[in-house]
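**Q** So TrEMBL lists the following for this protein:
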SIGNAL    1-21  signal peptide
DOMAIN    37-367  domain 'Glycoside hydrolase 35 catalytic'
ACT_SITE  E184  active site, proton donor
ACT_SITE  E264  active site, nucleophile
DOMAIN    414-525  domain 'Beta-galactosidase 1-like first all-beta'
DOMAIN    551-609  domain 'Beta-galactosidase galactose-binding'
Amino acid sequence: ARMALPALALLLAAGLLHTQASPSARSFQLDYEHNCFRKDGAPFRYISGSIHYARVPRPAWRDRLLKMYMSGLSAVQVYVPWNYHETLPGVYDFTGNRDVEAFLDLTAELGLLVILRPGPYICAEWEMGGLPAWLLWKPDITLRTSDPAYLAAVDSWLHVLLPKIKPHLYQHGGNIISVQVENEYGSYYACDHGYLRHLLGSFRALLGSEVLLFTTDSTQAEELRCGTLQGLYATIDFGPGSNVTEAFGAQRRVEPKGPLVNSEYYTGWLDYWGEAHASTSAAWVARGLEDMLQLGASINMQVVSWQRAQPAGEYMFHGGTNFAYWSGADYKDQYKPVTTSYDYDAPLSEAGDPTEKLFAIRMVISKFQPLPVGPMPPATPKYAYGWVALRKYADLLDVLDVLCPSGPIQSQFPLTFEALKQAHGFVVYHTQLPWDVPDPAMLAAPPHSICDRGYVMLQKEYQGTLERDGRTTLHVTGRAGDSLDMLLENMGRISFGANTSDFKGLLGNLSLNSRPLSNWLIYPLAIDTAVQQGWPHAALPESSSGGRVGPAFYTGTFETPGIAWDTFVKFPGWSKGLLWINGFNLGRYWTRRGPQQTLFVPGSVLHVGRPNNITVLELEGAPSTPLLLFLDRPVYNRTLGRST
């Protein structure tokens, strides 16, 4: 009896015993007696799809949401990436593309309900699963647990975010019908129910007692044990090909009563650099969807990689793009960074175009509920702007004064990105050869200490690349005092699994023939700041070598024929790097490794009537004639593997 009373009190506080009795004017509740949701007192089942506002340019939000609505969806599922909004401790950004409230207002305007997933951890193949890199400024922090340092940061964030969300709750006149707490926590090693209880208390205190709070986990018994908590409604995720009855049987073992919910029905597969482009059968997806709808389940459609140890879902009905440095990574035997494209073979393509899969899903939905009246909006217009010639502007090592205006940091041994308070991008580590090396000597890094790719230059001449879980040695020759530089690239922090404390940079000391190197000058680079301020187009040309290997900047311009339509840029003969157009970071290309061969360029970043400025940072080697090719469609057709 002593155990039963607190449990009953917690259920009452969570609002989970509300059923049909005295529904308020606007209510969204669980009905355990009839195993369903009730919206304003009436039985309700949602069909939802995921979209991430952070991966879609704000001018395209309306187009994508309208297409989702016209597909027959009644709701959208939305993640809030903490690190996208709190870029530094106590520094918040909810403007422009980060204006989550404007996004919510738009969903309401278009008649879509919202299932909100504010984390604090979201996975999403997003950098560090949405957790801010600055958490790692405290190196011994234990993420996603009751660690006081972690909880203090979480509480501070939730006290900023959730008051913005509360007016958008359905009970308050908004369109958010439910809110997820954490994300697939059962897949995390910690299994800290005290942490989940802390989150439950915070969400209740800040959002009130009426909002429906839930969790999502796989169908594995151990994950459901660690990821669920009394007071949070437990939902599951699984994909096409699963036995629907068995999968929902797993939910019934933790929620004997209540609606059946698949919070992540996987409609596609994700791409990693160096692996084949993945796709999923439209018929297969449609068949699984129909099986679930026949059982009366509520569903959210997403895509996932089935290559994980346990199927753990991410996304999408519309995926979008990992612009700039926001793509995350998985770790399964080795580090696996995610591509810039987040197309995921989703029903709406990366550029927002309806696909065969969308129409197959729409046909299934039409069997269970009326579709909105009117045609599906067409694909956005694309334009092949053709070839654009670039010229080399400068080797990266020749413009460190621009890229690191505060100057280098001196250190006896290398420092991590986190110790430097550098979240993303690049850092240069500079030292000198301490003695003559007439015969080839082995320059080596300790295992797992290159996080994630290191481009090595001796006397400013490119020597080769060292890589996490790959090549970690080079042979060099030189004289005492020769400059040795390594440009270290962060390819994205791990977003799924136990190792979300993914420190970046040179984590161990380089050695030369097993003798440690010391006396480093370390340059944290602010490349995006410089490019956004007009560099290098507003600067005088640099006098750099004409060589085409090693890290260097290339520039060019092009004009559009009176239109600013979406396009895709291809990099024939280029190796690996980043692209900016008009100061906007469009993300990483990696032509040599694939499978992605083009970058999506939203028309909203282009100018009409004046030149569009292109800046490319090529890291390994540009073609002898540096050209870009603008196409009207993407290319995903080449994988050479991890050796390139």
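From the backbone N, Cα and C atoms, a Cβ is placed for every residue, glycine too.
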**Q** Which one is it: of the active-site residues E184, E264, which Cβ has the fewest other Cβ atoms within 10 Å in this structure?
**A** E184
**Q** Pop the Cα-Cα gap between E264 (active site, nucleophile) and the residue listed as 'active site, proton donor' into the table, whole Å please.
**A** 11
**Q** If you run through the domain 'Beta-galactosidase 1-like first all-beta' (414-525) with DSSP, how many residues end up as helix, strand and coil?
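**A** For that range the per-state counts are 4 helix, 56 strand, 52 coil.
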**Q** Give the residue counts of the domain 'Beta-galactosidase galactose-binding' (551-609) per reduced DSSP state, in the order helix, strand, coil.
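**A** Split into helix, strand and coil, the domain 'Beta-galactosidase galactose-binding' (551-609) gives 3 helix, 28 strand, 28 coil.
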**Q** Tell me, what is the mean pLDDT of the domain 'Beta-galactosidase 1-like first all-beta' (414-525)?
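**A** 96, rounded to a whole number.
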